[in-house]
Amino acid sequence: HEHSSDESSESSKPCCDLCTCTKSIPPQCHCNDMRLNSCHSACKSCICALSEPAQCFCVDTTDFCYKSCHNNAEKD
């Protein structure tokens, strides 16, 4: 059980490569990643464009950034 498939972890594990935060306290952070067909599992407000495949963005406001999606796969 050491290998986890990339496709399941990409869509389900909350992660973000393009995260922006305000300088307020607490910070207001937004993930600007575009994902195909769905948002990550922790996303409460997911907006998808009506395209094939759908381009989805998570519009949640959090006070932190999720771990980077691409670094996840290499260092575990």
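Note that Cβ sites are derived from N, Cα and C of the backbone, with glycine treated the same way.
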Checklist line | Swiss-Prot annotation, disulfide partner of Cys48 among Cys43, Cys46, Cys56 | finding: Cys56
Checklist line | Bond partner of Cys31 - disulfide, per Swiss-Prot - picked from Cys16, Cys21, Cys43 | finding: Cys16
Item checked: Cysteine from Cys15, Cys29, Cys39 that Swiss-Prot links to Cys21 by a disulfide bond -> Cys29
Check: Where the distance is taken from Cα to Cα, which of the disulfide-bonded residues Cys46, Cys58, Cys69 turns out closest to Cys16 (disulfide bond)?
Finding: Cys69
Margin query: Around the C-beta of Cys43 (disulfide bond), how many further C-beta atoms are within 10 angstroms, looking at every protein chain?
Written below: 20
Check: Of the disulfide-bonded residues listed here (Cys39, Cys56, Cys65, Cys69), which is spatially closest to Cys21 (disulfide bond) when Cα positions are compared?
Finding: Cys65
